[in-house]
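**Q** Let me begin by handing over the structure; questions about it come next.
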Amino acid sequence: MTYTLPELPYAYDALEPYIDVETMHLHHDKHHNTYVTNLNAAIEKHPELGEKSVENLISDMNAIPEDIRTAVRNNGGGHANHTFFWEIMAPNAGGQPTGAIKEAIDETFGSFDEMKAAFKTAATGRFGSGWAWLVVNNGKLEITSTPNQDSPLMDGQTPVLGLDVWEHAYYLKYKNVRPDYIEAFWNVVNWDKVNELFAAAK
């Protein structure tokens, strides 16, 4: 079995004006697709690895043969992270969090605004390429960031929200102003999906 590029769960222009259609085409059809292609190439001589979900694959990097471990880390992480990213966004979404995730955010951070501030710090403070995350770690919400295409799954944490802060995710529209992109992201967060992930992670 090989890994495949998932279709976007919405049209390429569905997240306009916050994420532009050209970026979505490049990000999904080119960048994400390249991670899938390179992951399949990496595991070609280890077909048993392709039987695992990509999330399971990257959750135990020590089980990956050493000669392909870096390639699987980078490309398996890229595939898992982007698949997750498309799913936690939606058109006509955003706004305030709801349900159990709202309660947990308020309890952990004090308010949604305080959580957004901490998330922004993680996202802007990530030097170079990487991701900012809201994760469940030992049953508690935490904000973290990872370099490159590393996933919280590699550290035993479960992501419930994530933002790609590689320049390819925002440069066409936001140029070098990463904070504007981070602010725009909150308009497309799919809180229903975040709640679903949060319920499964607890």
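Placement of Cβ uses the backbone N, Cα and C atoms for every residue, glycine included.
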**Q** Of His27, His46, which does Swiss-Prot put in the Fe cation site with His82, Asp164, His168?
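**A** So, going by the record in Swiss-Prot, that would be His27.
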**Q** Work out the three-state DSSP category of Asp164 (Fe cation binding site).
**A** strand
**Q** Fewest neighbouring Cβ atoms within 10 Å: which of the binding-site residues His27, His82, His168?
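**A** Lowest Cβ count within 10 Å among the binding-site residues (His27, His82, His168) is His168.
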**Q** Among all protein chains shown, how many Cβ atoms are found within 10 Å of the Cβ of Asp164 (Fe cation binding site), not counting that one?
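**A** A count of 23.
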**Q** May I have the list of same-chain residues other than His27, His82, Asp164, His168 whose Cβ is within 8 Å of the Cβ centroid of the recorded Fe cation site, in sequence order?
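**A** For the Fe cation site the neighbour list reads His28, His31, His32, Phe85, Trp166, Ala169.
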